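Residues or ranges marked as active site, proton acceptor in TrEMBL: A:Lys199. According to TrEMBL, the feature NADPH binding site maps to A:Lys108, A:Ala148, A:Arg266, A:Glu295. Annotation comment: TrEMBL describes A:Lys108, A:Gly144, A:Lys199, A:Asp257, A:Arg266, A:Asn267 as sn-glycerol 3-phosphate binding site. Feature annotation from TrEMBL assigns domain 'Glycerol-3-phosphate dehydrogenase NAD-dependent N-terminal' to A:4-166. Marked as domain 'Glycerol-3-phosphate dehydrogenase NAD-dependent C-terminal' by TrEMBL: A:188-333. If you look up TrEMBL, you'll see A:1-22 marked as signal peptide.
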2 protein chains.
Amino acid sequence: MAVVTILGAGAMGAALTTPALAAGNEVRLWGTWLDDDILAALRAGRPHPRIDVPIDQAAVLFDSGDLAAALDGAELVILAISSDGVVDVLRRAAPHLRPGLPLLVTTKGFGYDPDGKVGLLPPLLRAVMPGELADGCPIVAIGGPCKANEVAVGRPTAAVFGCADVGVAERAAALLGTEVYRLATTDDVDGIEASAAMKNVYAIALGIADGLAETGGEPWHNLKAATFAQAATEMQRLATALGGRAETAVGLAGVGDLEVTGLSGRNKVYGARIGRGEPATAALDEMVAAGQTVEGVAAARFAAELAEQRALDGLPLLGAITEVLAGAEEPAARITAAVLPAGR
Amino acid sequence: MAVVTILGAGAMGAALTTPALAAGNEVRLWGTWLDDDILAALRAGRPHPRIDVPIDQAAVLFDSGDLAAALDGAELVILAISSDGVVDVLRRAAPHLRPGLPLLVTTKGFGYDPDGKVGLLPPLLRAVMPGELADGCPIVAIGGPCKANEVAVGRPTAAVFGCADVGVAERAAALLGTEVYRLATTDDVDGIEASAAMKNVYAIALGIADGLAETGGEPWHNLKAATFAQAATEMQRLATALGGRAETAVGLAGVGDLEVTGLSGRNKVYGARIGRGEPATAALDEMVAAGQTVEGVAAARFAAELAEQRALDGLPLLGAITEVLAGAEEPAARITAAVLPAGR
């Protein structure tokens with residue numbers, strides 16, 4: 001039993017209270033300044049507004065102003081903040097952290113390092129922490145197919161925790177794992193992070209095949225599956241280019257998470273709207289206006305820039321998605337051309 | 001332009017008339033003694049009864065008694081026969097084949113070699129041909145996500161042709177490839193065959209997660225995705241154990257075909273019935289009685305025997321599927337235990 005503090009009361013942060021409590025921990029859920037409506041709903045005993053699932057009231061709720069209290073005595077901190085906000089939250093939390101405290105990070109995506117190079121999140125997070133924390137707070141990456149609503153209700157879920165010091169990942173897994181939230185561990189942080197960020201990008205392309213099917217009334221399963229195979233190939237290339245291992249991209253954090261992200265979620269839904277014929281930019285504007293972040297859009301831009309900075313080859317699907325997101329005409333034809341073999 | 005003879009007028013055989021004609025060939029479609037109703041429907045201008053899609057009347061139809069005429073002058077033969085019947089058909093066709101004629105095989109599965117060892121189809125097919133053909137007729141394996149109905153109507157499809165002599169695969173691909181039926185080539189016949197046979201097995205497990213969702217009204221996406229990732233891992237193990245390459249199992253013929261087979265088809269449908277709570281044996285009996293072959297069932301038995309003969313490790317999902325097909329209780333719990341990481 002340990003004190004587990006979850007920063008961020010959105011879908012995934014709240015969902016993780018379920019295994020964290022089931023594993024016997026004291027669980028604290030801190031909401032950002034954007035989460036006030038969520039905490040109000042939970043305090044009133046209503047379901048979590050984002051995932052429509054009740055959250056066990058044994059999780060102690062902390063408002064955004066009570067960050068110090070939420071972190072006091074924490075033995076494991078889970079950063080469950082959107083990629084937009086994670087750096088800001090970590091900066092505010094840093095004064096209340098101590099060396100040796102593991103940070104489990106559910107946030108996925110890319111960012112810029114001080115030299116303007118695109119990179120994965122863990123080094124960027126370390127860069128905003130004071131020196132003794134940057135060296136002393138091990139970052140644990142989470143990968144694997146985890147829809148938050150299913151984690152919250154305790155449906156069987158597999159995830160993988162990754163840390164350069166695999167012993168830290170194993171201790172975090174020992175604190176959070178249950179019979180139904182089961183955890184593998186690895187030292188391949190880069191492989192997890194690259195796969196997790198890119199699956200959101202490629203899910204947009206998977207959604208396009210679904211949108212074509214919705215429009216025509218007939219499945220485009222062959223195209224969706226060819227897209228999946230090409231995405232798996234490109235995820236392996238990006239994982240290795242970023243210092244990870246190809247095998248991670250074809251495990252739980254890679255094809256496993258790609259499978260679930262292609263079944264449901266905002267990235268797939270956005271792709272389906274494009275596949276149905278909506279202009280990519282207008283459809284995105286509508287989703288953003290409705291408060292629906294499509295994480296794959298920003299990740300696609302970063303990944304395209306990264307590919308250019310590092311002169312990476314063999315990423316035609318990423319190239320096609322980038323064009324489609326920029327408003328290119330005939331999006332389905334572009335995706336198709338990128339995923340079918342070049343020969344005849 | 002070449003004479004292409006397709007043996008078997010079932011879903012895939014008939015579907016391949018579309019790219020074969022579009023690529024400019026003279027196309028002959030020969031029906032087995034079980035295909036009389038299909039040929040009658042096509043001759044009457046009705047859609048193909050298995051896939052409900054019209055077949056271009058430019059394909060010349062041959063009845064089962066006209067095998068010699070169908071094969072006379074053929075420059076490429078496509079064997080599109082179920083795994084039950086392929087050896088029998090090849091034996092009948094052999095007198096009309098000549099050395100050097102490539103045999104493109106859509107059939108997937110396993111069989112027994114003369115020593116009672118479980119093996120892939122190509123060597124078993126070679127074993128039933130006279131010596132000069134066995135050495136002289138190169139076998140080309142087909143892998144990749146190809147639902148027959150989509151191939152038949154010309155929806156975008158990616159496949160991979162594999163032959164020990166990759167030049168033969170390339171020539172076959174040049175004869176059959178079109179703008180929408182696009183072909184990669186490889187020399188990894190064993191990797192294609194192993195992946196193609198096993199995807200039917202693992203699709204049953206993917207279907208179980210769908211069946212659980214149908215029953216409860218809530219998705220079990222995390223379980224389906226964890227099942228997918230474990231299937232990808234085991235397909236790589238089986239591909240390499242059978243002499244193929246792991247990369248083939250994470251390409252079009254592996255995860256690509258697994259994706260499409262988990263989206264629709266009889267193997268997935270059978271798994272969904274089990275997931276909904278129907279006894280595995282009774283559900284299979286009903287499907288067989290309705291004329292619906294579930295190819296993954298026989299393949300699972302062969303694969304389990306193969307794993308035992310070769311003392312293969314690391315195939316818990318195959319083991320769980322084998323138990324479920326044999327009528328084990330709590331099938332969903334067995335699949336879940338097999339695909340979630342062992343640790344907590």
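Numbers here mean position along the shown chain, with the first residue as 1.
Glycine residues also receive a Cβ, built from the backbone N, Cα and C atoms like all the rest.
Positions of TrEMBL features highlighted on the structure.
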{"residue": "A:Lys108", "record": "NADPH binding site", "Cβ neighbours (10 Å)": "26"}
{"residue": "A:Gly144", "record": "sn-glycerol 3-phosphate binding site", "Cβ neighbours (10 Å)": "27"}
{"residue": "A:Ala148", "record": "NADPH binding site", "Cβ neighbours (10 Å)": "24"}
{"residue": "A:Lys199", "record": "active site, proton acceptor", "Cβ neighbours (10 Å)": "31"}
{"residue": "A:Asp257", "record": "sn-glycerol 3-phosphate binding site", "Cβ neighbours (10 Å)": "32"}
{"residue": "A:Arg266", "record": "NADPH binding site", "Cβ neighbours (10 Å)": "19"}
{"residue": "A:Asn267", "record": "sn-glycerol 3-phosphate binding site", "Cβ neighbours (10 Å)": "26"}
{"residue": "A:Glu295", "record": "NADPH binding site", "Cβ neighbours (10 Å)": "24"}
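When the C-beta distance to chain B is held to under 8 angstroms, the binding-site residues A:Lys108, A:Ala148, A:Asp257, A:Asn267 reduce to A:Asp257, listed in sequence order. Across the structure, A:Arg266 (NADPH binding site) and A:Gly144 (sn-glycerol 3-phosphate binding site) place their CA atoms 17 angstrom apart. In this structure, the C-alpha atom of A:Asn267 (sn-glycerol 3-phosphate binding site) lies 7 angstrom from that of A:Glu295 (NADPH binding site). Closest to the residue listed as 'active site, proton acceptor' in space, going by CA atoms and restricting to the binding-site residues A:Lys108, A:Gly144, A:Ala148, A:Asp257, A:Glu295, is A:Asp257. The average pLDDT for the domain 'Glycerol-3-phosphate dehydrogenase NAD-dependent C-terminal' (A:188-333) in the predicted structure is 96. Put simply, A:Lys108 (NADPH binding site) is 12 Å from A:Asp257 (sn-glycerol 3-phosphate binding site) when counted between their Cα atoms. Listed in chain order, the residues near the NADPH site other than A:Lys108, A:Ala148, A:Arg266, A:Glu295 are A:Met12, A:Asn200, A:Gly265, A:Asn267, A:Thr293, each with its Cβ within 8 Å of the site Cβ centroid. When secondary structure is read from DSSP and collapsed to three states, A:Gly144 (sn-glycerol 3-phosphate binding site) falls in the coil class.
Overall, the recorded NADPH-binding residues A:Lys108, A:Ala148, A:Arg266, A:Glu295 cover a maximum inter-Cα distance of 15 Å.
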